[in-house]
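Straight from Swiss-Prot, the features:
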DOMAIN    24-106  domain 'CBS 1'
DOMAIN    122-196  domain 'CBS 2'
DOMAIN    210-281  domain 'CBS 3'
DOMAIN    297-352  domain 'CBS 4'
């Protein structure tokens with residue numbers, strides 16, 4: 001009986017496509033390769049997003065990862081733009097807080113062109129498209145590999161008989177929408193939780209969703225140091241832990257967060273509401289001081305227990321708009337982390 005129910009769930013979900021997942025999403029927000037970092041940051045803030053595709057004239061650039069993702073005229077098919085990479089908030093922050101961390105030079109750094117920093121963080125080189133007819137299960141497969149977002153053509157110019165549903169590096173379309181890991185989980189929460197009752201009632205530990213390797217910064221790590229170590233470790237967010245027992249130099253690097261008390265979270269997206277004059281004064285602060293200043297109070301840490309259900313984990317990431325949940329034991333000490341990638345990977349493996 002359970003096996004039949006599983007098959008029924010699978011068949012319902014397989015009829016959902018990437019096009020369905022993006023139906024309510026707005027048209028693509030992007031910046032030209034000549035845009036300044038200041039302009040790009042303002043665009044990120046104005047649209048409440050953490051990443052932007054970067055567009056350039058065709059024929060002059062190699063796309064991220066060798067991709068050839070083009071925007072073409074709907075009537076003539078003439079290529080107008082080539083998307084050459086993704087710019088993230090972490091790219092901008094890492095550029096500001098790099099080795100040359102003379103904060104008085106912030107205006108000069110923010111006047112740099114976005115094309116000069118694409119790829120400084122690895123995520124900027126990850127540029128993919130998903131065919132609109134790709135099933136939600138195939139989308140989950142892609143996102144379970146750590147790909148955070150993909151472009152979905154509104155109308156593809158690639159010949160339909162050559163088009164295969166799935167992830168692509170070559171595409172031409174008159175317009176695109178962005179599909180993210182969060183979009184997929186929000187869609188499942190809003191429309192398909194009933195189909196997934198069995199798996200959602202299982203614990204995150206039972207499903208193997210908890211990653212027990214969790215790096216952290218301490219209450220004495222500055223914003224500037226935090227950004228640099230996050231860039232090096234390809235992390236968009238880290239827990240801030242209480243660590244009075246460690247050596248002074250360890251406050252400058254990532255530490256093992258397990259079995260420590262979490263007192264905050266520092267995320268690259270926390271800085272997207274900062275104006276440039278504020279950035280200049282906030283980079284030398286500790287990350288903990290910064291998070292308290294930006295929110296006006298001590299922020300609640302988004303966490304769950306080791307035995308929390310998958311449904312509870314998804315509810316937390318979607319309703320709170322975060323990309324990971326810290327996993328605590330009964331004493332409130334850090335045991336691990338569950339990211340959007342972990343959630344999607346666990347769900348996908350149960351629907352095989």
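The backbone N, Cα and C atoms fix where each Cβ goes, and this holds for glycine too.
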Next on the checklist: I'd like the per-state residue tally for the domain 'CBS 4' (297-352) from DSSP, helix first, then strand, then coil.
Outcome noted: 22 helix, 16 strand, 18 coil
Checklist outcome for this item: On average, residues of the domain 'CBS 2' (122-196) score a pLDDT of 82
Checklist entry - What counts of helix, strand and coil residues does DSSP assign across the domain 'CBS 1' (24-106)? => result 25 helix, 24 strand, 34 coil
